[in-house]
Amino acid sequence: MTDPRILSLQQAVPALRLKTEPADLEHYGRDWTRRWTPNPLAIALPGSVEEVQAVVRWANAQAVAVVPSGGRTGLSGGAVAANGELVLSLERLNKPLDFNAVDRTLTVQAGMPLEAVHNAAREQGLVYPVDFAARGSCSIGGNIATNAGGIRVIRYGNTREWVAGLKVVTGSGELLELNNALVKNSSGYDFRHLMIGSEGTLGIVVEATLRLTDPPPPSNVMLLALPSFDVLMQVFAAFRAQLRLEAFEFFTDRALEHVLAHGAQAPFAEIHPYYVVTEFAAGDEAQEAAAMAAFETCMEQGWVSDGVISQSDAQAAQLWRLREGITEALARYTPYKNDVSVRISAMPAFLAETQALLHDAYPDFDVVWFGHIGDGNLHINVLKPDATSQADFVAACDQVTKLLAQALQRFDGSISAEHGIGLVKKSYLWSTRSAEEIALMRGIKHVLDPHLLLNPGKLFETHDAPTNIPAG
């Protein structure tokens with residue numbers, strides 16, 4: 001029997017596409033965490049901004065919670081619909097809308113995949129420089145909702161730096177046009193930046209105007225083998241002093257083992273405990289000489305044990321696969337993921353402390369580390385032992401996150417660097433944000449989403465949001 005609320009929605013928005021088949025509910029109701037059982041009311045697939053507004057207004061009238069949905073590649077449970085929410089998928093809003101050659105901006109719908117954004121920019125002789133391994137699956141709206149970073153933050157920064165303007169539907173169904181792609185705008189609060197990183201709890205991004213830039217010069221990729229993590233910052237400093245770095249990524253021997261088992265080619269005859277893949281501007285003899293000088297300095301100091309530099313685009317892709325292939329290689333284990341950040345200078349001490357802490361507390365766990373050294377972001381993947389039940393594993397991993405949160409508080413770090421808080425990390429927001437900050441977040445949500453219907457339960461609990469803040 002069809003739920004009467006679905007019939008009501010069909011009557012309110014007659015042209016709206018709806019999906020209610022069990023397979024669709026499961027597909028659209030979860031993200032890559034695979035931790036919660038999906039249980040959405042239905043899947044709404046609007047074909048216009050006006051339909052998004054109409055759905056949100058209907059949700060307010062019917063008191064139905066709404067979960068905005070993009071590519072659902074998130075790793076924090078931010079797109080999970082497990083409590084009868086209406087999933088509002090933006091996948092049909094997936095087209096480029098406008099290119100402005102003078103402003104060098106590209107306006108796109110929020111459901112457009114990141115890879116399609118890259119292609120659209122490339123067609124104009126420019127680039128949108130934010131990039132990560134899930135580029136073919138993730139949507140630009142989801143990137144904005146989490147202020148995603150990726151592999152080239154060291155050169156280009158996070159998503160936030162490249163958003164010139166937004167169109168956002170608020171929790172009451174109003175449409176906000178934020179900043180209008182202005183370069184300078186000193187006219188009060190910039191609500192664009194409030195929406196970026198808000199995880200769909202304040203509004204639904206429906207369109208984005210993105211800044212584009214010139215294509216980078218030709219680059220080389222170098223893979224370095226390190227004898228210990230303690231020397232990593234010396235290697236980073238040596239290369240940063242000589243070269244314009246595009247990326248500087250690290251991973252462990254355990255990460256490499258999983259990627260090699262997944263079909264990648266071994267880069268060296270011997271296994272080393274730590275690796276760095278770095279990309280830097282090249283194209284002339286001076287840059288190549290600088291790269292070799294940095295490498296030789298590191299070898300002489302004993303900071304690097306071995307290295308290889310790409311001689312072709314194909315070899316560069318092979319070297320990058322060793323880093324970008326980690327997530328795919330680990331996927332079959334359904335790892336418990338943590339995505340944390342500390343100041344770059346604090347990374348060696350933080351990693352040493354947390355490695356020892358996790359080894360002592362959970363010696364049977366296989367912990368795989370990799371991350372973005374250039375911006376202080378570490379990814380910690382815990383793999384379930386075969387002899388451990390899923391329930392016991394999740395319970396133990398919750399304790400892992402608690403230990404990490406306590407360590408991050410000591411190091412003034414963040415429990416989420418780029419994946420967002422979602423459901424996974426909301427119990428540990430205290431390690432990153434003060435009680436006063438969290439109270440202000442709740443107050444802001446109440447103003448923009450007065451019935452607390454947008455992505456409820458994500459980022460923080462909303463049942464106790466204040467009710468005495470004026471909406472006007």
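In case you wondered, yes, glycine gets a Cβ from its N, Cα and C as well.
Just one of H272, H419 is listed by Swiss-Prot for the same (R)-2-hydroxyglutarate site as R323, T327, K337, N381, and that one is H419. Highlighted in sequence order, G149, G150, D339, S341, G371, D375, N377, L378, A417, H419 have their Cβ within 8 Å of the centre of the Cβ atoms of H372, H379, E418, the residues recorded for Zn(2+), and are not part of that set. Across the fold, the C-alpha of H419 ((R)-2-hydroxyglutarate binding site) and the C-alpha of H379 (Zn(2+) binding site) stand 10 Å from each other. Taking the Cα atom of each, H379 (Zn(2+) binding site) and T327 ((R)-2-hydroxyglutarate binding site) are about 10 angstrom apart. In sequence order, G149, G150, I151, V153, I154, A247, F248, E249 are the residues of the chain that are 6 or more apart from H372 (Zn(2+) binding site) and have a CB within less than 8 Å of its CB.
The local packing around H379 (Zn(2+) binding site), expressed as other Cβ atoms within 10 Å of its Cβ over all shown chains, amounts to 22.
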